[in-house]
């Protein structure tokens, strides 16, 4: 188990950017009447200062997370094998392909090794570029080889510094999004500060560097910033085309770098669909966004050798269904309230039915089953029947896929983020409901329109999209903790925008009958500045203490195992074991694996379940037969899995295997009535007794406090 231990002694004021109102009869309050030349110079100065602040905060964030990573592991001082072990679970698997490309003699040989890979899954040749999102590793390895930096920078540092550099892009994108929404870069400053001070809940890049989301989320943030700009009124045609290009590039890069891109963009498409139905977004721009999502995903599909999981994604089916349904129902946005509601309900049902039919048809044609484990997991998670499916339960029992813990909100509240977020969310939700009702009613009454002007101004299309985005991704985060990073980063943007927006304060002050233009401007700047001072006063000492804490990577058992494998086994040896450990085996030793953590393949999931019988109640001959069918030469058993205590009864790996095999679970507690006792003891426990029925198949060749390695006999 990888741990860390204490390190040993040894080696001004700016104006809001012009944002034309959606309503021509609404006066833009708070604008400073000035001559055109003076106003233009002031805007240039404001944009320059705001841009410098954005870049500075982005670079500061990169240095901050890089320093935390160094301080936590003493990365510059530990051995190469320890550095590689620090890339835990699937992180190690992804980094191994970067290492493979770096070590390949010509680049073409490295690419050939990825396209025709027979070391990631034994007795099977797979296309890594088709199965996994590793184009970023390929690009980075080629870039490292062609740049004249080999003498000054080790490959591992080039890799991790690139990921830390992407954090600068991430923070700048969040900053710009908040700035665009509020019209003041003070909002961006506040969003970036919240992102940094809530680091525990906004990113995990410093300890899971190669994780796909750390590559993808910066591009997703850039895409959201571009969409925010696109949704502004009165863009010039050139501006609109360039913004659409930026959205496409960001969407493509986001899709290319993360296998779960389709699910995130499906939520985004749902937000666009909902707002379009309620007349809160321009239909033409929404259509372009649907097309960009489809085209970006299809381009990735081509690059991934026509990956069937992409073609069978719900996103493509949904977007195509929306476009078809819109063509069928051409008068969707005409009529009175009841007429519109009836058409809207019919439209939603039509889109839903078309989505399911198209998706079912595509999956039937392609015989696609790669993502079935996700839907089994969702079905069980949301209470649509209990399941004994091993893969679904494997996800259900992981804390990362459980509900968002309540202590998350206490941490977010300590920086005032959650309180302000809740305040802004409530105000804009009320405004959105009223605006949606007015849009659906289609009323032309002058009195009603006059009454609603204030709400319309505070909920322009970009703000409406931001509201829908944060609500839907908030629901995702609440249901699945691992996805909280998509929500909390946007929470920083949304809260800072609300706190610095003249329109939000105007809405509140008018409700309280306290509105004046001067009062709105004073509050718009004073409250954010006070909040920034509070955050600095309360959290700066903690950040300094965190940066001064020095620890060291310490995992001697895993280091000993990897060194033994490299020194005592042939390069062609095939290893079986847990998915997480085998990823490290591939990275550190280059040996062939039977299974690995990239779980988006049905055959791999079935193979993993079979390999994991080493922790079930099976006979030695059964286990031997299973392992040899995958060409296994060595099997690694881990005491931390065999005698697991991290999970409660029913969620330990051995319990999941017992239930899937129809056996009763160990320990005190209830069992389902149809489960029966196994005829055999647990393999991982019994093999250590060196009984003849085991030693005829397995010979122990390595042992330490954590791992036991057995060599399989090669019977004729």
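Glycine is no exception: its Cβ is also placed from the backbone N, Cα and C atoms.
Feature annotation from TrEMBL assigns compositional bias 'Basic residues' to 1-10.
Marked as region 'Disordered' by TrEMBL: 1-34.
TrEMBL lists 41-66 (among others) with the feature transmembrane segment. Same-chain neighbours of the transmembrane segment (41-66): 12, 14-15, 17, 34, 160-161, 164-165, 167-172, 175-176, 179, 185, 188-189, 192-193, 195-196, 199, 203, 205-206, 547, counting only residues six or more beyond its ends whose CB sits under 8 Å from a CB of the stretch.
The transmembrane segment annotation in TrEMBL covers 156-174 (among others).
Among the features that TrEMBL reports, transmembrane segment is placed at 217-235 (among others). Long-range Cβ contacts of the transmembrane segment (217-235) within its own chain (Cβ-Cβ under 8 Å, at least 6 residues beyond either end) map to 19-22, 166-167, 169-170, 173-174, 176-177, 180-181, 243-244, 246-247, 250-251, 253-254, 257, 264, 281-282, 285, 289, 460-462, 465-466, 469, 485-486, 489-490.
Sequence-distant contacts of the transmembrane segment (242-258) (same chain, six or more residues past either end, CB-CB distance under 8 Å): 133, 135-136, 212-213, 215-216, 219-220, 222-223, 226-227, 229-230, 235, 264-265, 288-289, 292-293, 295-297, 299-300, 303. Here TrEMBL flags 242-258 (among others) as transmembrane segment.
The feature transmembrane segment is assigned by TrEMBL to 288-306 (among others). Long-range neighbours of the transmembrane segment (288-306) within the same chain, counting only residues 6 or more positions beyond its ends whose Cβ lies under 8 Å from a Cβ of the stretch, are 127, 129-130, 133, 135, 227, 230, 244, 247-248, 251-252, 254-256, 261-262, 265, 268-269, 272, 313, 315-316, 319-320, 322-323.
The transmembrane segment annotation in TrEMBL covers 312-329 (among others). Cβ atoms under 8 Å from those of the transmembrane segment (312-329) belong to residues 262-263, 265-266, 269-270, 273, 287, 290-291, 293-294, 297-298, 343, 346-347, 350-352, 354-356, 358-359, 362-363, 366, 368, 370-371 of the same chain, restricted to positions at least 6 beyond its ends.
Outside the transmembrane segment (341-362), and at least 6 residues removed from its termini, the chain residues within Cβ reach (under 8 Å) are 273, 277, 311-312, 314, 316-318, 320-322, 324-325, 328-329, 331-332, 335, 368, 440. For 341-362 (among others), the entry in TrEMBL reads transmembrane segment.
Residues or ranges marked as transmembrane segment in TrEMBL: 416-441 (among others). Counting residues 6+ beyond its ends, the transmembrane segment (416-441) has Cβ neighbours under 8 Å at 194, 198, 278-280, 336-337, 340-341, 344, 409, 448-449, 452, 455-456, 458-459, 463-464, 467, 470-471, 491-492, 494-495, 497-499, 504, 507-508, 531, 534-535 in the same chain.
Taken from TrEMBL, the feature transmembrane segment covers 487-509 (among others).
Marked as transmembrane segment by TrEMBL: 521-540 (among others).
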